[in-house]
Every structure is written in structure tokens, then in C-alpha cells.
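Here's the structure we're looking at; comments come further down.
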């Protein structure tokens, strides 16, 4: 007979460790003067508000310690759980009355089912085909070293004390050991995206190794679940029947449901969103798969995840899932699920002596996994120590997948409160320490820090120049082709152009950086890359192959997109990267997209291993949409604004490549100060003078080159000079950085909207000038310093890394009649 508790509206009944209640049909607060929590709707709404507030507040505080949202959500649950805030039973019953958590569990588990399905869809399973032998060795070592360390520790402790391990832990402890040895691919990629390392060298290695570990872990976990349930509920004689059902279940997913969903997705036209009806058919199939999986002894979340893995990632399904479920899932359902997991964590269950032994077993498992991964990756993988340590730390991290597995096994009575609490606690400690440590240890940009100058100035005006052009949208192509056409490539001074098409990673968890011919064909169809490739091939044909192009595709999140740009520039020895400005004329984009592209450009400026140019297109040139031929007006009148400094030297060097075309008129406008600033500026002016003289020496026989000098006293004078020539200019070249003490830029930076363009570049972009602008920054990521030193009784500009810093050979460079000085070469 059910126990009657002191209340006039419910009776107690225990289901899954949670009290269920019977309520009056009339739950109006006014009618019966009941408390708000007696109304189920009011109670659920309160929980949503309360959990959202407590998780976000906790995240704001813990973000200062470099902790992620998952960590904060679990901590929030622990804080409001029986270990802290609701330690008093009366308070706990007030906030979480009997039956309340059952409803929350329903919402939470529905959210985790959809989330795991989405994670499965976003996973790129094609990576399995490209996993190498070394990666397999590292993955297997990582997984089994963690299990071995825990098992060895268990046997040692059992010899010391045989009483701590009883029948309640026979199945639970092996499950936790196996789960802790896992490194879920989806968890790893989520952490890498958060760390902005998904497309770094470390990110690619972690993704590959975690696939190997994940395959081992999921098979073992799935069969352990089935066997444990068969032994517990049906008896040993039914074990084979359960396993047969599981095999039939997964075969149905891969060979029946997968083709059905792929056919439904194929009904969506290219570039269009999926129809509502088709999408809901797929969601219904997900719920059916989860339901059947739960019936045959598999977790509903595991079934949804495997179903997602069976489907192709990316649009239209992956993108539609993100559009329809991402916000509500990550903002409501997942915080609810994680907080409930924290709420079920009870530190009072750790009062037994056995907790110390179990804690040692779990900690030794993590330590064994760390050391096994470190040794195998360092010895077999032949990678640096920093990368090996970072890899080992990341593979020990846990996330939503493990959290849902812990909850599933606790619901099925396989995990005691003690083991569940220890699993959550060790997960928090290890992940909470590992992620900030990786941020501190590993710097993706260290891979492409150059030890020599990779700039236009270094290449000389007759050598091969390598340019990396970045394309965010098809709208960028016309202005870039303008720029390349003017360079007039010839056999004696050819151009090598690397075209990198950049796309945001949506609906998938695997970043891509690959040559166009090797890139996933599915990704090509969703990005319309063929149009861009065709345009540049036409340009190559027009130049009779004096301009050679190579095409690459990058699919990555915006926060880490700069890694692909910089690493490709470094690997190909590029002299300059050309980036489209985020607000070019005719650029079809949203405000959020503009902000993302701007941030990519700013990161490239900070990290690039070569010079960088930002192209601001005010002409709004287009490519004909009919036969895809180039329909552009090349620049004919070009002006270089020369105020001094390394960036202006680079702009002048680029302009030197343009004057070989007799149709191009180049004007070098040198803007000087009307008065002396200081000794340091005198030294910098000596370098400027040398660069100018050398430029004029190489162009003295060019009738299409004009040189002017003008003195100004402030920024107003600079604006007046530009106003005087604006009607006759197509393109302006200017350096990004200048000495802030220069009178020519005084007052111009005070109202600049775009500091990444520098004082002059931002002013030219903001004002209503109709010419296009190329803002150039000289290479900054370099280790050596450049000095001017005496050689053979003359002063020559030379470099520790490279003796080619000018338009002519080093032996012809002389700064005659100038006093001997040492000074740093300006790096902006």
C-alpha cells in the first residue's frame, strides 16, 4: 500500500529513485490557494528560468578560469543539488518537489537524443578511410593503456583490501573504466572548435586519433550494455537473442533507413533549405530508432547517435538541424540535462572508505591514458613534445557523450551513487585542468612563424612572386582579377597565384583544407566552387600561362579560419596574401557575416608569415553570369601614398611590378613632414630615402612613372592632397602602419572605424572616394632583426636571413654620402 505523506494533493510512489505524484485536476492557484509548484506547468517554467539563470551565471564566473559551458552547467547542478544549496531536505523538497524531476528528465533526455543525433550527422565518417598506421597505433595505445592502468590498480587494491569491491560494483566499475578510456570524436571536435584549433596540426591529429578510440569504445560499451541487461533481466540463455536483435537493429539503420533518408535529402534542390515535411519525416525516424533501441537494451541516445553517423554530414540535413534545433537545444535542453546530472551528484555518497579506492582506480586510468598517448605519439608519431602533451591532455577530456552515458547507466542501476559521483567529479577535474593547459601550451601559429623575409620586396621585381588570394564569396573574384591583370605577368617575371576559397563549417564537425581536385565532391556542390575556378582559369588562359593558378578549398569555423590561410601561405612560400575587405561594394553579406570576415582578416594580419594586403573594392566589378567570362575594367591610373615605414616600402615594391604595363600610369606621392620630429624619425627617413632612390633608379626609363613630393603639417593637409587627385585615380596603394608621431596622420585615427586598415587606409575607406584601395602590411611574424651596416666602406641594407631587400641586387645598393648608423627595419 502506498505511503500517504503530509499533503492534501499527492501520494508517494517511487519510480527510478524519483517520487511520482497524483494531483488534483483543478490546479488553479486562486481556486485552491495552492502554491505555484503544485501546478506542473508553473513548475516546469520555473525550472527553465531557474536553470538558465544559474547556468549562465556560473558560466560567467568560470569563464574567467577558461572553463567551457558544459563544465559550468554541471557545476551549477552540483551547487543546487543535495551536496550544497539543497543539502537540507526541506529546501530540496521545496525547490524540487516530488515528481518534478521526472518531467525535467523527460525534457532533458529528449534534448540529448536530438543533440546526439545532430552530433552524429555532423561527424565526417569519411575520415576513417584516411586514418594511417601511426594514428591507429596511437589510438589503440591511448584506449587500452587507460583500461590497463585501471585494471592493474584494481587488482593491486583488491590484494590490499578485498572488502571494498562488492557485488554492487561488479558491472558498474568496468563500465566507468571503459568510458573513461574513451575519447569521443564529437567531444574532441567540439573542444577543438572552442579552442579555435579544429584546423590546426594538433586538431587534425586529435580528430584522427579520437576516431580510432571511439570505434573501440562504442562497440565495447554497446555490447556491455546488452549483455548486462540480458543477464539482469532475461537470464543468460537470452544473451544471444539480445545480441542478434542488436545486430539486426544496426543493420536496419545502415542498409534500410540510411538509403531512405539520403533519398529524402536528395529531393532538396541545391542551395535550398529542406522542406518542412521531409525534415519532420526524418525526425520521426530518429524518435522511432531511439524508441526501438531502448526496447532492445540499447540507449536511446546511442541509437540516435549511430543513426546520425550513418547519414551524410553537411547540407541539407546538417544545416537544417542547426537552423531548427541548435539554439533551443544548446540554450534550454542541454543545460537542463547537464544540470540534472550535476543535481544527481551527491558528495555524501563518498563518505565510505571504498570511495578512496575507486577514486584511485579512475585517476590511475586517466594517468595511464595520458602517459600511453604521450609515449606512443612522441615515439611513433614523431611529433614535438608540446604537441604530444597537448594531444594526450585533449584525449583525456570528456563531454556530452560521456555525461549521457553515465546518466544512462545510473538509470539502469548499473552505477551506484558513489561511482556516478566519482565519475562526474574526475571528469570535471580532468577536463577543467586539461583545456586551459592546452590553451597555454599549444600555439597553432608557431607552426608558420618564418625565419626569413617572405615579402614582395624580397622577391625583387624580376623574380617569381607568389600570391595567395582568399575568396569568401563569388563577389570577391572580380576585384581580385582586376588586381592580378594589372600586374602584367610575363615569362621573365611570372605570377604564381594560389586561390583559396573559404567557407564556414556548417552542418559538419570536420574541417577541410585540400586542393580543389582532392576536396570532397559533396562540399564542392554546396559551395559552387566551379564558378570561381573557371574565372581564374580564363585569366590564366588570357596571360598565356604566365600567370599560374592552384586552387584550394578551406571549410572551417570563422574563429580558426586564419590557421588555414596562414599555414597554406607558409607551406607554399607565399610573398603576399590578398584579403577582400569585409564591406566591399556588391558584397552580398549579413552583418554577422561581415563581423566574422573582419575578425578573420584581423587575425591574419597578426599571424601571417608573409606580407598581407586588404583589398577595398569601390568599383563593384562583376563577373558575367552568362558565359562566366571576365567582364572587368582593369586599373589604369594607380597612386602610391608614401609616408614612410616598412609597410609603405612593401606597397612601393608591389607598385614596381605594375609599371611593366605601358597602359598603367603610376604616381608615387611622397608625403613628408614640414618639420623634424626626433632622431629616431631621422634614421627611419634615411631608410625611406634609400628605398625611394632605389625605386626611382629602376624606373628612370619608364615614362609612365611619376614621382611627387609634398610637405604637410597635419592630417588635413594629407586629405587635401588626396582630394586633389581623386578624380583621376583607379587604385591607391598605401601601407597599413605608420609612425604615430607623423604630422601627416595626426587626427586621422581618432575617428577611424577600422583600425586594421591603419590611419590612411581607414580614412580612404570611410570617405566617399570612388577609387579602390589596397592596404599593405609588411611581414610581422619573423624572428630576426634587420639592420643597416657598413660593408666595404659603404652602407648597404642587408638582412640576417636574406640579402635581397630591394629592387636590385645587394651589390648595387649603396647609400652614398650618409653617416653610418644602426637601426631596426620598420615592421609596423
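Backbone N, Cα and C define each Cβ position, glycine as well.
All TrEMBL annotations are machine predictions without curation.
TrEMBL lists 44-62 (among others) with the feature transmembrane segment.
Sequence annotations record features per position, and here TrEMBL assigns domain 'Cation/H+ exchanger transmembrane' to 51-435.
Annotated transmembrane segment per TrEMBL: 69-86 (among others), in sequence order.
Sequence annotations record features per position, and here TrEMBL assigns transmembrane segment to 106-123 (among others).
Sequence annotations record features per position, and here TrEMBL assigns transmembrane segment to 135-157 (among others).
The transmembrane segment annotation in TrEMBL covers 169-193 (among others). With a cut-off of 8 Å between Cβ atoms, the residues of this chain six or more beyond the transmembrane segment (169-193) that come close are 68, 119-120, 122-123, 142-144, 146-147, 150-151, 154, 200, 202-203, 206-207, 209-211, 213-214, 216-218, 220-221, 224, 228, 358, 361-362, 365-366, 369, 394-402, 405-406, 409, 414-416, 419, 422-423, 426-427, 435, 509-510, 557, 559-560.
Annotation source TrEMBL lists transmembrane segment at 205-227 (among others).
TrEMBL lists 239-267 (among others) with the feature transmembrane segment.
The transmembrane segment annotation in TrEMBL covers 279-307 (among others).
The transmembrane segment annotation in TrEMBL covers 355-372 (among others).
For the transmembrane segment (378-401), the residues of the chain that approach it from at least six positions outside its boundaries are 70, 112, 115-116, 119, 134-135, 137-138, 142, 180, 182-184, 186-188, 190-192, 201-202, 205-206, 209-210, 213, 305, 334, 338, 366, 369-371, 427, 430-431, 434-435, 437-438, 441-442, judged by C-beta separation under 8 angstroms. The transmembrane segment annotation in TrEMBL covers 378-401 (among others).
Here the transmembrane segment (422-442) has long-range neighbours at 65-68, 70-71, 74-75, 78, 176, 179-180, 191, 194-195, 197, 200, 202, 341-342, 345, 350, 355, 358-359, 362-363, 366, 386-387, 389-390, 393-394, 396-399, 402-403, 406, 415, meaning same-chain residues at least 6 beyond its ends whose C-beta is under 8 angstroms from one of its own. Taken from TrEMBL, the feature transmembrane segment applies to 422-442 (among others).
Per TrEMBL, the feature domain 'Cation/H(+) antiporter central' maps to 531-621. Sorting each residue of the domain 'Cation/H(+) antiporter central' (531-621) by its DSSP state yields 43 helix, 21 strand, 27 coil.
According to TrEMBL, the feature domain 'Cation/H(+) antiporter C-terminal' maps to 637-779. In the predicted model, the domain 'Cation/H(+) antiporter C-terminal' (637-779) has a mean pLDDT of 83.
Most Cβ pairs within less than 8 Å of the transmembrane segment (355-372), among stretches 44-62, 69-86, 135-157, 239-267, belong to 135-157.
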